[in-house]
Amino acid sequence: MKMKMILSSLIFHCCVIHFVSAQLLQVGFYNSTCPQTETIVRQAVQNQFNSDPSITAALLRMHFHDCFVRGCDASILIKSKGSKKSEREAGPNRTVRGFELIDKIKKTLETTCPSTISCADIITLATRDSVALAGGPNYPIPTGRRDGLISNAADVNLPGPSLTIPQALQFFTNKGLTLNDMVTLLGAHTVGIAHCNFFQDRLSPVPDKTMDPTLASQLLKTCVKSTATTFLDQNTSFTVDNEYYRQIMLRKGILTIDQELTLDKSSAPIVTSLAANKDVFSQSFANAMIKMANIDVLVGSAGEIRKNCGVFNQKANRKVVN
């Protein structure tokens, strides 16, 4: 109960959002127009999670990749048409998963409440629910986002795994997020995986001295094939918790950016704090996720409510809210 009260208090303050475009978002936005919305989303995510707990990592990645390009507007869901390549076809997004689940949820919601719930909100709600199912915080998330009208592969510019902390932070501050938000959001790596080619340079020709030698030896065996993958959290790989921070403090970070969090003087104290207290992590993670979900959102009459998440509506079918 105490934990819920702390979370509610922090989330309330977090929701007094400084993003101007997010001012029309509200918790329970669909309560009057489609009260079943969050229940339908939650049940679909639960069913998927029961058979595939890695869906949490997939949705967290999708949500992040969507919000960091043109804002949280579901532009990542658009399929390419002819020679015009959408965000979905950009290099960093080719291994993004979870599209089928979002489409399934949208189909059910269109049957229940046609042209009412945005694909952007479906991504946001589904991600929140998957985090809770994986043992992370269950936080109230404002809704009311609209779907974007633009999706270009050339617009995709995301922070890479080999950046320094100052380089990575620039991406986050450009989106109105802080160093604390960045360190906390990287905690999503607690349920993530990485392909060996993203950290092969830390293993050979000479092992990175900042990596635990036993881990480096294990990874060298795993990564005989560059297509192989490994968990970013070697301990509780399917649980959203603070173990990721404990691992990187033991020099068991997989990606360069992971280990850099403990080596950079600006981020190291935040890592120590999150590693020491799981409640602090849960509070911080909920707040950071809410902030990220409000990056450059479309509200009111902007954008549209897509009938099919992978395709823009025909102009005649765009629903306008006055």
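Just so it is clear, glycine is given a Cβ too, placed from its N, Cα and C backbone atoms.
Automatic prediction, not curation, is the source of TrEMBL annotations.
Look at TrEMBL and you will find His65 tagged as active site, proton acceptor. Over all protein chains present, the Cβ of His65 (active site, proton acceptor) has 19 other Cβ atoms lying within 10 Å.
Here TrEMBL flags Asp66, Val69, Gly71, Asp73, Ser75, Glu87 as Ca(2+) 1 binding site. A sphere of 10 angstroms centred on the C-beta of Asp66 (Ca(2+) 1 binding site) encloses 28 other C-beta atoms.
If you look up TrEMBL, you'll see Pro159 marked as substrate binding site. Neighbour density for Pro159 (substrate binding site): within 10 A of its CB lie 18 other CB atoms from the protein chains shown.
Taken from TrEMBL, the feature heme b binding site covers His189.
Residue density at Thr190 (Ca(2+) 2 binding site): 30 other Cβ atoms are found within 10 A of its Cβ, drawing on all protein chains shown. Look at TrEMBL and you will find Thr190, Asp233, Thr236, Asp241 tagged as Ca(2+) 2 binding site.
Other Cβ atoms within 10 Å of the Cβ of Cys113 (disulfide bond), summed over all protein chains shown, number 16. Here TrEMBL flags Cys34-Cys113 (among others) as disulfide bond.
Residues or ranges marked as disulfide bond in TrEMBL: Cys67-Cys72 (among others). Using a 10 Å radius centred on the Cβ of Cys67 (disulfide bond) and all shown protein chains, the other Cβ atoms total 25.
TrEMBL lists Cys119-Cys309 (among others) with the feature disulfide bond.
Take the CB of Cys196 (disulfide bond) and look out to 10 A: across all protein chains shown you find 19 other CB atoms. The disulfide bond annotation in TrEMBL covers Cys196-Cys223 (among others).
Looking at the domain 'Plant heme peroxidase family profile' (24-313) alone, the prediction's average pLDDT is 96. According to TrEMBL, the feature domain 'Plant heme peroxidase family profile' maps to 24-313.
Here TrEMBL flags 1-22 as signal peptide.
Cβ-based neighbour count (10 Å, all protein chains) for Arg61 (site 'Transition state stabilizer') stands at 22. The site 'Transition state stabilizer' feature in TrEMBL is assigned to Arg61.
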Response to the item:
Going by C-beta under 8 A and a gap of 6 or more residues, the same-chain neighbours of Val69 (Ca(2+) 1 binding site) are Ser75, Ile76, Glu87, Asp155, Val156, Asn157, Leu158
Worksheet entry | Any further residue of that chain within 8 Å (Cβ to the Cβ centroid of Thr190, Asp233, Thr236, Asp241) of the recorded Ca(2+) 2 site | Val191, Asn235, Ser237, Phe238, Thr239, Val240, Asn242, Glu243, Tyr244, Gln247
Item to complete: If we count other C-beta atoms within 10 Å, could you say which of the binding-site residues Asp73, Glu87, Asp233, Asp241 has the fewest?
Response: Asp241
Worksheet entry | Cβ neighbour count within 10 Å of Thr236 (Ca(2+) 2 binding site) | 18
Response to the item:
Least surrounded, by Cβ count within 10 Å, of the disulfide-bonded residues Cys34, Cys309 is Cys34
Worksheet entry | Minimum Cα separation from Cys223 (disulfide bond), reported as the residue among recorded positions His65, Gly71, His189, Asp241 that achieves it | His189
Worksheet item: Which one is closest to Asp66 (Ca(2+) 1 binding site) in space, judged by CA to CA distance, out of the recorded positions Cys34, Cys113, Pro159, Asp233?
Response: Pro159
